[in-house]
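Participant: Next up is a structure, given as structure tokens.
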């Protein structure tokens, strides 16, 4: 039973499951013409962006494949690289297509019954989740069957990473340029509601949710998932010893793949739990999602125990996996605590808004900084325990364990943007405020479960990066004393690695700022020049705004993306010790910065919502205006710079590992 | 000539020079009663704060001295620790006394002649600068004469570091609680000008400039100065080999001290250059300060060349010192570029203000992040070159070289707050807008030279911390392979070190936010409850606001300060490898965060000033309101959290080094 075919089969199952769900979604009613037209506009806007993005990416993939082919790196890695890039792009593409097909259907569903809206949104997310894991498992096993060499697999991982980085950066810049631009003129200057169809940037904003939060996230988690498995295989390939037991190379390679394959089934079972009954209230919807997430995690733990016990005969890797899983849950709960308005940090930001935007910003930023405590400690404990129980091999296994139920957790993540879009469509399509409220409530329901998913994403990124980094150190094969933190080369590397994460964040943030400024000018221009627009008597030129976002995203992904790819190669050719330091510095600083940016952004967002619920003066108060400022500042923090950092640290580790033959 | 007595003598010279300058300042006219009363109020407010601060610090010093005495650390270190703490506090105290005696005199001087204002402000700064270097040199040589053991000197350095950290944190929280509180109600809500005497927080704000920017900075640079010398002595104590030449322990110890002693004379000569002629315009005032800073640096280079050549006979350390100096200047110029309104980054922030506070904040923060590039690269180059030319010994020598003219550079730093206070006194004392403008212009003149001083402070902090860290690694005496970045313990340490800097910043920032909120409430209360206050018919209760700032500062220094002291000790007792990682992680992340916070704050401040000069709509425009928000956000960034981080990283390295006997 435990062989590569089983893993491939699990991948095929995942894709079939995704296909069935997709068929079910497409059978749901699309709504009246106005509503389905909106959905079509968003769909074609999103596809236009993806298609424009593929051109420069194809050039990049082509050039990089040639470089891989002509240098001392195994030639097969070049093909694996193309495969990884293709699968990553495909996963994001499919996820986005289905998400943009689901938005109006979720709105129509929610109109009928709130539970129906949940089911459509969740299924859309599950299509994406299952596609990601299915493509990854099939891709990895195909390559391994072709050439059983970790170096080739790393090529696959690098392909996935680079697409993920560019997609996250470009998508993040796209979505936040549109969002900030739409809000700054619409909500702040013209005082028209969010998602108002008179706002020329509203379509770009809704397209952005899909290209950033769906396609970007799909590519991101595809690479996390593949990356964690690849790093486990790389470390396990030489054979390992755990608690005195020898584990053969073949077993050490097959174990993480089989773990992931079991995860597919755990996710499917979990997904079936998510069945809200008729007439369900919010509480039971919440429970339905929770059952799915925790149910699949629990099933996974049982599967992992049985598998580890029978297949490896030594439980170390199982404990490693459990410590990873526990860390992921702890990180998720901590992120929830720091960003949800039920808890004091976010309420504190709302209170600080009463003395204006400056105190709101200072408080929010300090909440973001504080929120690093539990996640970083959790990562440290997970590293310590997984190493203790299963040596270096334990670290990626912890990440594999955390991501094994990705099919399920990604569904709760993607579910949010689909209902966000549904709420927008309800507003633009005049479906009535009840539908809008329901869609927004559905979005909110997903936040809690999404927090756990985000915890897994952050934790696994850190663990995977540490594992890849360890594999790099192992592969360069120089004495450990040369890599001592007392060596000036290593210290210099640490500084450069930390620096890269700061510069990378600066570049992405600045790109959003500039994109938003262009958007503001365009929206202002349309309000001025198109007669009757504000009165709703004329149509805005949505496509102009879509174009601005597209340009901002594509133009500005080049430098940060290039920096991430080129710097490790240059530093590595100069000194492998400095590159080791660079990776360690980037992982540490990148994790801290990513958490700070993500959580301060999330907390600002929810502090604003808390006030909008009627607290501290409610909508229209001074406090609300200050909180809107915080929310806008948080946009590029949480949706552009923050999430890109997670990919950056893995990408740099992956590229370093792949290019070792060039360095030594 | 080259012996300890020469060094002591140089220290005495420095103190005598400071005394003469102080006498000269005190002979200048204090101004009319109203003006001199204001100065007295600020003086006594500042002293009250310092006196309240000394009580908890005395308790801390007492307990820590007992711990040092009863543990395995050499008993003399306990006494040296008390000495270091005392000298550090004394340097800050003297500097602050003279600064608060100088403010009204500088205003009166500027009324007569702008050059006179410069001279008084600059002399006040020079008193502080010379006191700092004098006390440090005398303290260090006294201890070395008593017990020639680097372990004891480290006790001295630790005493200085701890006082510096607490003073910086408490002073920074004090000053920014008052500043933000005064501005949020005064400027934003009541639309009264800055430093308006009707504002109840105005005295606290002016006191804050002294306790934060003068006393805090004095203690800070005292410890940098002493710390760089101590780390050079620690590394040199075992004797060193440079380019095949053996340098004896005695010579390696004496060299940094003598370098610093020569710096005293270079600073004095530089200070004498700062003599603006009668009727000087801004340009020539600027030149006068520049001549002082660059003149003393140039003289120092010549002195260092001669000294190194004659005394050591090998030029490696001289090159190390020059690379440090060059890095300091590069960092200073980079900081200037990123924060001055003549250049595009700050102008970009001003432009982004036109679309509201959110874009102002995002742009400013991304400028802060970008501004890390040149400083970090400069530090890396300085580490690489100084190591190349003089081995590990070269790294602290680079820092010693950078700080050797501290007597001069600190003068240009402290000069700012004195003229800031003078401008406040001119406003409150109705001395006329001309005097206020002159004082403000003097403040602005100092900004450029202060940038270089700040560059030296940042660069030297990083180099000193790296040197202390290397000394720690050396002293724990474990194999380098145990300290490899591939060891999980080291990785965990790196994470914890990075984490500490984020949590520390969060705590200090939150303290300012909370202090400012209390201040806002109090100021609002007074405006409401004291009849006629806004019309200028009643006196505000200044002392209430002073009390709030004092409490905020003292209460909130405990946790971040305690964290900085206790964490390294606990981690070290658990694992010396993890502590090594912790120090490296904290240095890298701390430097990045410190630069980001300092420069984004500086850039926001100057973007606001740029608009106030009449650009982009000028005062009262929407852009100006947005820029005021940015400036307020920047207050705790640049004056509380940012500068404290520089001390934090050195303090943690110092404490780790001191406590090694407990760990191994």
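Quick reminder: no glycine exception, Cβ is built from N, Cα and C everywhere.
In case it helps, TrEMBL gives these features for our protein:
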type	residues	note
SITE	A:450	site 'Determinant of potassium dependence'
TRANSMEM	A:6-26	transmembrane segment
TRANSMEM	A:120-146	transmembrane segment
TRANSMEM	A:152-170	transmembrane segment
TRANSMEM	A:225-247	transmembrane segment
TRANSMEM	A:253-273	transmembrane segment
TRANSMEM	A:293-312	transmembrane segment
TRANSMEM	A:318-339	transmembrane segment
TRANSMEM	A:360-385	transmembrane segment
TRANSMEM	A:451-473	transmembrane segment
TRANSMEM	A:489-509	transmembrane segment
TRANSMEM	A:557-576	transmembrane segment
TRANSMEM	A:582-600	transmembrane segment
Participant: Is the transmembrane segment (A:557-576) in contact with the transmembrane segment (A:225-247), using at least 3 Cβ pairs under 8 Å (sequence separation of 6 or more) as the test?
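Facilitator: With fewer than 3 qualifying Cβ pairs, these stretches do not touch.
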Participant: By Cβ distance under 8 Å, which residues at least 6 away from the ends of the transmembrane segment (A:318-339) in the same chain are close to it?
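Facilitator: Cβ under 8 Å, 6 or more out: 259, 297, 300-301, 304-305, 308-309, 345-346, 367-368, 370-371, 373-375, 378-379, 381-382, 385-386, 389-390, 393-395, 397-402, 448, 451-456, 458-460, 463, 595, 598-599, 602-603, 605-606.
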Participant: Counting every protein chain present, what is the number of Cβ atoms, excluding its own, within 10 Å of the Cβ of residue A:450 (site 'Determinant of potassium dependence')?
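Facilitator: 26, counting other Cβ atoms within 10 Å of residue A:450 (site 'Determinant of potassium dependence').
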Participant: Using a Cβ cut-off under 8 Å, which residues of the same chain at least 6 positions beyond either end of the transmembrane segment (A:582-600) come close to it?
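Facilitator: Distant Cβ neighbours of the transmembrane segment (A:582-600) are 335, 338-339, 364-365, 367-369, 371-372, 375-376, 379, 454, 458, 461-462, 465-466, 469, 472, 493-502, 505, 567-568, 571, 634, 637-638, 641-643, 645-646, 648-649, 652-653, 656.
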Participant: Among A:120-146, A:152-170, A:253-273, A:293-312, A:451-473, which stretch has the highest count of C-beta pairs below 8 Å with the transmembrane segment (A:360-385)?
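Facilitator: The stretch with the most contacts is A:451-473.
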Participant: Among A:6-26, A:120-146, A:152-170, which stretch has the most Cβ pairs under 8 Å to the transmembrane segment (A:253-273)?
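Facilitator: Answer, by Cβ pair count: A:6-26.
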Participant: Can you work out which residues elsewhere in the same chain, 6+ from the ends of the transmembrane segment (A:152-170), have a Cβ less than 8 Å from its Cβ atoms?
Facilitator: 53, 57, 60-61, 64, 68, 73-74, 76-89, 92, 139-140, 143-144, 146, 211-212, 215-217, 219-220, 222-223, 226-227, 230, 233-234, 508, 553-554, 556-557, 560-561, 564-565, 640, 643-644, 647-648, 650-651, 654-655, 657-658
Participant: Could you find out if DSSP has residue A:450 (site 'Determinant of potassium dependence') as helix, strand or coil?
Facilitator: helix
